[in-house]
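To start, the structure under review is shown below, and the notes come after it.
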Amino acid sequence: MMMVLRNLSMEPTFALLGFTDYPKLQIPLFLVFLLMYVITVVGNLGMIIIIKINPKFHTPMYFFLSHLSFVDFCYSSIVTPKLLENLVMADKSIFYFSCMMQYFLSCTAVVTESFLLAVMAYDRFVAICNPLLYTVAMSQRLCALLVAGSYLWGMFGPLVLLCYALRLNFSGPNVINHFFCEYTALISVSGSDILIPHLLLFSFATFNEMCTLLIILTSYVFIFVTVLKIRSVSGRHKAFSTWASHLTSITIFHGTILFLYCVPNSKNSRQTVKVASVFYTVVNPMLNPLIYSLRNKDVKDAFWKLIHTQVPFH
């Protein structure tokens, strides 16, 4: 506890090296990431608003989707602004407390999203495999508990890792070779022994991935078998459309997490890690609302209706 208080009182400063060292790429990358961030904010907030104001979407599936959009919006807003700032500003410093909070909030969002994706897979399993029991099985109380559990567990692991990070000694030079305060990059600049934090991170990441992917894969095996039994071509197409959109999001998100955190003794270069990190910090939050809305006629119709309502055409 004394070590934690001492670290907070001394307030060391970190420097984020950013995404690239090449000056000629910084402005083009700034414009690309800015566009992606705008799409992310508009897409996710738009999804939340559409689900909130339209009674047609007051169902468990859209309830979970609204929370997924909220987590994506928060996560992108935690990471991307600092990424954009470092691409155009000479001063790349970040205070100790700000860095720790960025790590904690971003990691919380990642873990929460992984469990929300598992919850959404289970929801689709119940809807497709047991449609007659869907409204009973997926009650409002159960949906609220599943979402609350995702948020609470999303905070638990990152909080434990944060406690260990706060005990580390950062005496400088505190240069983080990343575009945000990612945990492995953050603790690597410490002068303390970081074996335990690394083992904890690997254990938490592996446990979370095993649990969520087991739920997801089991759900989709049953979904796939059930869909093959559907005689109606339109019904089979609709079921596969929902399945495919969810699977696309899962592949991008979990594939990156497995690559970065669940492969021990990885020899990947730091630049490779940065590029991979972009997929789950910038690309995935942007794609999720596009994936779900472009494959959903009801969402597209509601979106254009909202646009025409708010922006009258003469």
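If you go along the chain as it appears here, the first residue is 1 and each next one adds 1.
Cβ from N, Cα, C; glycine included.
A quick note: this is a predicted structure, and the numbers were derived from the prediction, not measured.
Positions annotated as topological domain 'Extracellular' by Swiss-Prot, on the basis of sequence analysis: 1-27, 78-101, 163-198, 261-273. According to Swiss-Prot, the feature N-linked glycosylation site maps to N7, N169. According to Swiss-Prot, the transmembrane segment annotation covers 28-48, 57-77, 102-122, 142-162, 199-219, 240-260, 274-294. According to Swiss-Prot, the feature topological domain 'Cytoplasmic' maps to 49-56, 123-141, 220-239, 295-314, an assignment based on sequence analysis.
Residues 111, 114-115, 117-118, 121-122, 124-125, 157, 160-161, 164, 183-184, 250, 254, 257-258, 261-262, 264 of the same chain lie 6 or more positions beyond the ends of the transmembrane segment (199-219) yet place their CB under 8 Å from a CB of it. Contact between the transmembrane segment (274-294) and the transmembrane segment (142-162) is absent: fewer than three CB pairs lie under 8 Å, with pairs separated by 6 or more positions in sequence. Helix, strand and coil content of the topological domain 'Cytoplasmic' (220-239), in residues and according to DSSP, is 16 helix, 0 strand, 4 coil. Secondary structure counts, DSSP: the topological domain 'Cytoplasmic' (49-56) has 7 helix, 0 strand, 1 coil.
Per-residue pLDDT, averaged along the topological domain 'Extracellular' (163-198), amounts to 88 for this model. Of all Cβ atoms in the protein chains displayed, 13 besides its own lie within 10 Å of the Cβ of N169 (N-linked glycosylation site).
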